[in-house]
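Below you'll find the structure, written out as structure tokens, and then a few comments.
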Amino acid sequence: MLDRNTIPQSATFRTRGLTKVYGEGAAAVHALRGVDLEIPEGEIVVLLGPSGSGKSTLLNIVGGLDRASDGEAWFQDQNLSEMSDRELTLYRRDHVGFVFQFYNLMPSLTAYENVELVTEIADNPMEVERALELVGLGERMNHFPAQMSGGEQQRVAIARAIAKNPTVLFCDEPTGALDSATGRAVLHVINDVNRELGATVMVVTHAAATAQMAHRVIHFADGQIRTVTENDTRLSPDEIAW
Amino acid sequence: MRALDRKLLRDLWRIKGQAAAIAMVVAVGVLLQVMMSGMITSLEQTRATYYERYRLADVFAPVTRAPQKMLDRLADIPGVAAVEGRVQGGALVDMAGQDLPVRAQVLSLPEWRDPWLNDVYISEGQRPRAGRTDEILLLRAFADAHGLGLGDVLSATMYGSKRAFRIVGIAQSPEFLFTTAPGEFVPDDARFAVLWLNADALEAAYDMKGAFNEALLSLERGAELEPVLTAVDALLDRYGGLGAYGLEDQLSNRFLSEEIKGLTATSSAVPPIFMGVAAFLLYIVVSRMVSAEREQIGLIKAFGYTDTEVALHYFKLVVFIALAGALMGCLGGVWAGRGLAGLYQDIYHLPFLVFRVEPSSFATGIFISVLAAMVGGLSVLRQVFALTPAVAMRPPAPADYSRSGAITASLKSWLDQPSRMVLRRVMRNPGRVFGAVLGIAAGMGLSSAQMSVMSGFDEALDTTFSVIDRSDVTVTFFEQMPLKAAFDLAHMPGVIEVEPTRGVSAVLRYGTETYRGSVTGMVDGAHLSRAVDADHRDIPMPASGIVLAKSLADTLGVQAGDTVTVEVLQGRRPTLELRVARIADTLMGAPAYMNIDALNRAMGEPGRISGAFLRIDPDAYRAFFKEIKDVPSVAGVTRKNDARLAMKKLMDEGAGTMRYVMALIAGIITFGIVYNSARISFGEQSRDLASLRVMGFSQGEAAFILLGELALVVLIALPLGVLLGFGLSYLVAAGFSTDLYQIPTGFRADAFGIAGVAVVLAALISGWLVKREIEKVDLVATLKTRE
């Protein structure tokens, strides 16, 4: 059992023996096999690994989208494993920003309104305009998703995720559907969000090069952490060889 | 099997639940269509066969007393094929253990041969043997209602003398599918008997030796009715002819015709609604499938399949579902029709009823359902054609809301984001929303119209039996009596009040329109049986002139102030020109009222009555009936409550059953559409909902966006449903209104209230079911997969 006092104040997330099993019996798939991890506050953490290695599963559990089969996951001093559905909803609402590979914008709302959707329910949101300026879309805030390119849509998705001033920002393959120039612009935005808002950022990606902008890189394989590397020197997204 | 066809089968299997639901809607529509049109055809054919086989007359000519030799003269009329003379009269049958004697009609049967016209079907026993004067055939409906059988003895009073008769046969007759006592307008098996006796016996009883008092005529094929009627009237006039009439005006036949008319009205309104709903559902399902399979369509096209081949592939799917539904419907229709045939055979007292469906009815059912499916499918096929392989294989662009967005931008100040999302979805897809609104409104309209008519009918019953007729008992005499007869009634036990009345049979004419009915003479200040206006206020009888029931005025096409011709068929048979003083709001029957003194003056018979309305102390009923049974001049006694119950029963049976079935089915469609709309909306928005959930929206907040649309649809549908139901109620009421009763129309808050609550309830249940689905959404899986 983990004593509350043993959790370092600087850790945003801490997991102990985190396990996730899908299915039962012979068909059981072990997505996570006892992961112990600490994510310090304010870092950009990149999770790398082949498909099915467990990185997204980890993201989903600490993001409050999924529950662990066993083990514990802590966000600051709150035990996510013990939260009710309602508490998890509140946790997402107040602390978590998500960015997905396929943007998932509301087609019926403009860029501005998509962001506003979040600021209307968040405790301490930023101005919608500011969120959109942060992602470089101040000019296009009245456009509907159908009137934007993929990169623009993804930037709206990021603006939407950061507008609540999240404690953590989760990005699951944020550049997966984008070309290299657009992808690089999106990474810039993520980098800026981390620097300017101080949010802890966790990025799941296949693109190993992305790791060069991270403070910390975690390699996954077979549901376990293989290596954790801290980058002494981080590259700006412009310097990353795509 | 070609690969595409294998795909088709697997696709069908994948969407089996939804496919089955749509096929069921199609099936119910076709089932109703096949069943009802089959029932109408079967009833019409059975009626025709029955009439033909038992040689039902085309012309009925009642007369006071005509010599047999006149039959030859009648036979000489051009166009007449056969003539039969018979004796018929009224009788009272004394039923053991019953307070009230039952009225009966007695008819003569030729002794040594089958009747040339109006033969009977003997379902048990045999005809009275020649020479026997104490043997009778009894109408089956009456025998069944009282549990009478062969060998039982009936005591009947004919022309004042009481005799006992033995039942030797139970008969059915095309002439008496419905039986109604003279002067009443409600058919009732139990309260009216028909007896057949040997002609000799009857001639003796009614003093008709060598004479007849009703001539029956059949016409040659193609002969015209009117000239024959005129010729018959001319020949029988000096023997007291009471006016010949055609089969069309024969009471029982008229009831059956009205019933068939009611069935036809319902059958032409309901199945098309089902088909429309099915087309709408098919459109939605296939449309969703096509957009979900963009990639596959692109791929198939990239392989080199043509647009037509791909389109045909999806088309087959649609037609397959429709055909499966139509076939189920055809089979179900025959099955249900056969079940219903037994019921209808009982209700209409038919000796047989073979349920037969015209092949064209199957064809229509199948054709309409395939057509509906095609309409639903075609608009989707356009989408398939429009997809180029490259476009199809890229993820779809987000739906474009920029146009509807501009409109709602102005509402920004007072709408939050979720409400704006709901509104924009609605405005972006007005067609689909309109479809759902129309579907729900149609279902609601249909059920509220049916309920409206049911409650309208209850109102008609109330008005007739509580407001217009405030008596307890009606007494009818065999023939007109002096006013003293009313005073005699007043002295009988328990009688509180007596209101004399006089009815005479008459033909009313205006222009080319004719109505065969009667004129009722009312005393000044009549209040036990009244003529009332729309506000239920008394209409005082004018010293001269006539007051017509609204239905009669409509039939004749007259208004107050017009002058109608009244040919009285009794007594000295005067022809009167009478000014229509007022139109009465009478809902049952089609009476014409006059001042009794004016009527008697016109008849040249002052102070005469033919019956009376009585109010009786409830505790003295038994004593009253016991005494009145033995009054020889009394032809019949009707308790108002019996008449009311008989009317209610008539309404609930036959075409009436259909009303309940329709209201129920309408309710089911409404729920089906509400639920489907919610499901479809959920299917289309599950991704948005998952996004909202991930962003931290609670289930309730997410559900709002989904169910907000449903709520909006229901909200628009409710007033539209009321409007539609209001309009439909007029059509349905007109369809069900007959000579016998008019169903009052008007805004019935209760019917619309119940239908509205049912719709809201359906929406709540659907909302609840779909909200449970939201709880089950796998957030991660939904968001990480491409649309």
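The chain as shown is numbered from 1 upward.
Cβ atoms are placed via backbone N, Cα and C, with glycine included.
Where the annotation comes from TrEMBL, it is an automatic prediction and has not been curated.
Among the features that TrEMBL reports, transmembrane segment is placed at B:20-40, B:269-286, B:317-341, B:361-381, B:433-453, B:660-682, B:703-731, B:751-770. The annotation domain 'ABC3 transporter permease C-terminal' is assigned in TrEMBL to B:273-388, B:661-770. Among the features that TrEMBL reports, domain 'MacB-like periplasmic core' is placed at B:434-603.
Mean pLDDT of the predicted structure over the domain 'ABC3 transporter permease C-terminal' (B:661-770): 81. Taking every listed stretch (B:20-40, B:361-381, B:660-682, B:703-731) in turn, the largest tally of C-beta pairs under 8 A with the transmembrane segment (B:751-770) is reached by B:703-731. Here the transmembrane segment (B:361-381) does not lie next to the transmembrane segment (B:660-682) in space: the count of CB pairs under 8 Å, restricted to residues six or more apart, is fewer than 3.
Sequence-distant contacts of the transmembrane segment (B:660-682), counting only residues of its own chain at least 6 positions beyond either end whose CB sits under 8 Å from a CB of the stretch, comprise 21, 25, 28, 32, 266, 270, 273-274, 277, 280-281, 284, 288, 436, 439-440, 442-444, 446-447, 450-451, 454, 652, 689, 706-707, 709-710, 713-714, 758-759, 762-763, 765-767, 769-770, 773-774.
Across the domain 'ABC3 transporter permease C-terminal' (B:661-770), the DSSP tally of helix, strand and coil residues reads 95 helix, 1 strand, 14 coil.
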